[in-house]
Amino acid sequence: MSSSAPSSASPKTFRVKSFGCQMNVYDGERMAELLAAQGMSAAGDGDDADLVVLNTCHIREKATEKVYSDIGRLRRADGSAPLIAVAGCVAQAEGEEIMARAPSVKVVVGPQSYHRLPEMVADAAAGKRSTETDMPAEAKFAALPKRRKSAPTAFLTVQEGCDKFCTYCVVPYTRGAEISRPFSDLVEEAKLLVAGGAREITLLGQNVNAWAGEDDKGRPIGLDGLARALAAEPDLKRIRYTTSHPNDMTDGLIAAHGELEKLMPFLHLPVQAGNDRVLKAMNRSHTADSYMALLERIRAARPDIALSGDFIVGFPGETDAEFEDTLRLVDAVGYAQAFSFKYSARPGTPAATMENHVPVAVMDERLQRLQAALNRDQLAFNKASVGKTCEVLVERRGKHPGQWLGKSPWLQSVHFSGEAEIGDMVTVELIEAGPNSISGRLA
């Protein structure tokens, strides 16, 4: 859809602001590459940009209102504003409303259509407002430019969309059905990332372990086969993946954790709740016991694996006793890190129309208790790492002279001082643990 408005000069500088998940970070990087390929330059820190792309997230409540707040803050002191594009999942879900409520927005583009961003920006500069929220994911990836320079850690989207339809979640409606990118495309993009400087690649998907394809010999493979193929790249030192669903943890993927040295001992495997009635109401298609049994198999394959999870407190109808089941599950697992949220009703999802919504004050109290338990376990995991010697991938400089920051194999933030360069793999002895990071020294 398009409409006419007064024309403005073609933008020469841009800024992409991404919110939310790691896939949004990946999408934001690809949008920046698209714009740079058209001859535009990224605006420096503190500089005004001719074009601002708000790459939005729709998972949490009030996401749409946050977009309008961000749009308002883009108006400059002299009353002018940059050309504004709204991208991402809020654009997908609320695109027409954004165009109606925010005349300063010239472009609305969904997460499966952002390959069209350059031509939509050109139309906007010529006075045409436009909205594009189709879902041609395959066409999107085919149209994106080749990867060039990369940081030491890089994201690679291998799968998009979700077919699980958890009752609280908007992803199937904003990202669409599950699609897997072709094996050959992923191997090519990974090689380009490594050639550009990446030493660690995180494979991304809304349901990443549902990825399926055929290898270069036409044989059907899953995510474990893709990881094995990427591990053959000599200069790629580490492989991670996120986010996974328990029902798609195959025997092959579990085995890969015990067999592939480059597949890091870290797994983000959300459970969301520890009570079976709540899990059924969420349409999670697993029980607390089946989740725990799965973790036993994973730990048997890789005993030192660090586990991460997601939790929702206050799902409609959740009782005090049912919440206590979640706390018991947390105690039994001992997560290395995890993320917890209050239930947030999303328009259009089945859970939004369920009865017996939990009062906010009750959700607040449950979240506080759950987060305290998760923080306790994260600190305990970090303290148990003290005395270990491990490889750390150096990602950036620290706040202090001579200090470096990087990640351990277990995704812990590690800071140390000494001779190093960004992108180096260095051996570090872990000497002191805090709740969110570990200090070390070069071994």
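The backbone N, Cα and C atoms fix where each Cβ goes, glycine too.
Listed in Swiss-Prot:
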| type | residues | note |
| --- | --- | --- |
| BINDING | Cys21, Cys57, Cys89 | [4Fe-4S] cluster 1 binding site |
| BINDING | Cys162, Cys166, Cys169 | [4Fe-4S] cluster 2 binding site |
| DOMAIN | 12-126 | domain 'MTTase N-terminal' |
| DOMAIN | 148-380 | domain 'Radical SAM core' |
| DOMAIN | 383-443 | domain 'TRAM' |
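Annotated features, which come from Swiss-Prot, shown on the structure.
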residue	record	DSSP class
Cys21	[4Fe-4S] cluster 1 binding site	coil
Cys57	[4Fe-4S] cluster 1 binding site	coil
Cys89	[4Fe-4S] cluster 1 binding site	helix
Cys162	[4Fe-4S] cluster 2 binding site	coil
Cys169	[4Fe-4S] cluster 2 binding site	coil
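The Cβ of Cys89 ([4Fe-4S] cluster 1 binding site) lies under 8 Å from the Cβ of Gly20, Asn24, Thr56, Cys57, His58, Ile59, Ala63, Gly110, Pro111, Val170, Val171, Thr174, Arg175, each on the same chain and at least six residues away in sequence. For the pair Cys169 ([4Fe-4S] cluster 2 binding site) and Cys21 ([4Fe-4S] cluster 1 binding site), the Cα-Cα distance reads 14 Å.
Same-chain residues that are not part of Cys21, Cys57, Cys89 yet have a Cβ within 8 Å of the Cβ center of the [4Fe-4S] cluster 1 site turn out to be Phe19, Gly20, Met23, Asn24, Thr56, His58, Ile59, Gly88, Thr174. In sequence order, Lys164, Phe165, Tyr168, Val170, Val171, Pro172, Gln206 are the residues of the same chain, not among Cys162, Cys166, Cys169, whose CB sits within 8 A of the CB centroid for the [4Fe-4S] cluster 2 site. Neighbour list (Cys162 ([4Fe-4S] cluster 2 binding site), Cβ cut-off 8 Å, at least 6 residues apart, same chain): Cys169, Val171, Pro172, Arg175, Ala177, Glu178, Gln206, Asn207. Neighbour counts of Cβ atoms within 10 Å were compared across the binding-site residues Cys21, Cys166; the minimum falls on Cys21.
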